[in-house]
Amino acid sequence: MDPSAALHRRPAGGGLGAVSPALSGGQARRRKQPPRPADFKLQVIIIGSRGVGKTSLMERFTDDTFCEACKSTVGVDFKIKTVELRGKKIRLQIWDTAGQERFNSITSAYYRSAKGIILVYDITKKETFDDLPKWMKMIDKYASEDAELLLVGNKLDCETDREISRQQGEKFAQQITGMRFCEASAKDNFNVDEIFLKLVDDILKKMPLDVLRSELSNSILSLQPEPEIPPELPPPRPHVRCC
């Protein structure tokens, strides 16, 4: 039943009855339309060594903020943002994981439910690039083989201190089946939106055609806040990716 119809319905006795507070002043107050629910809920995980800028990338995308001296993530943190892409409204839950090995037993539980994985290294620190094979082993062991992969060389704003060339990043990504590559700067807000939106777009491309609208719409960011509900902790299930 339409709630507004109940406001105008007369009592059974035929009298007007008490005036509803909503009708005081002579006119009913128009109710706000509830926001359209999300068509999809997608989970994305950001991984990489300590200090590569995982938290900065997440916060730049979700809140458009940048912290010069962010504290290292302990275990797992997350943010939620709603985006519209390909005519669909997607509630994107982004998990920011700790880069220290002592947290691996905690963060590994988040891999299996992730539809997309962003692997980040610092272009100014060779050791973070050298750690990439270790992170790929984590992906092979815990992530779904259908998860979309994106390699990101972060801190492009520190170009003069670069230790890893763009060609090195591209070469690594080319060795992994289905992995995309790009460089970005959370500080300068360069390529940050593109990272997440391209990843979501690749995920949507894998979904059955009957759940997608035939017409494609431009990417529109929705900044409406979402309730922050702690993510679920699925049990890890070993799975090896075929490369």
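Here the Cβ of each residue, glycine as well, is placed from N, Cα and C on the backbone.
Residues annotated as GTP binding site in Swiss-Prot: GLY51, VAL52, GLY53, LYS54, THR55, SER72, THR73, GLY99, ASN154, LYS155, ASP157, SER185, ALA186, LYS187. Note: GLY53 (GTP binding site) has non-local neighbours VAL120, ASP122, ASN154, LYS155, ALA186, i.e. same-chain residues 6+ apart with C-beta under 8 A of its own C-beta.
The feature Mg(2+) binding site is assigned by Swiss-Prot to THR55, THR73, ASP96, with similarity to another entry given as support. Residue environment of THR55 (GTP binding site) contains 21 other Cβ atoms, counted within 10 Å of its Cβ in all protein chains. Under the DSSP three-state reduction, THR55 (GTP binding site) is assigned to helix.
What Swiss-Prot records for CYS242 (among others) is S-geranylgeranyl cysteine, and it gives similarity to another entry as the kind of evidence.
Per Swiss-Prot, S-geranylgeranyl cysteine is recorded for CYS243 (among others).
Residues or ranges marked as N-acetylmethionine in Swiss-Prot: MET1.
The region 'Disordered' annotation in Swiss-Prot covers 1-36.
Here Swiss-Prot flags 64-78 as motif 'Switch 1', drawing on similarity to another entry.
For 96-113, the entry in Swiss-Prot reads motif 'Switch 2'.
Mapped onto three states, the DSSP output places ASP157 (GTP binding site) in helix. Per-residue pLDDT, averaged across the motif 'Switch 2' (96-113), gives 66. Closest by Cα distance to ASP96 (Mg(2+) binding site), from the binding-site residues GLY51, THR55, ASP157, is THR55. For GLY51 (GTP binding site), other Cβ atoms within 10 Å of its Cβ number 15.
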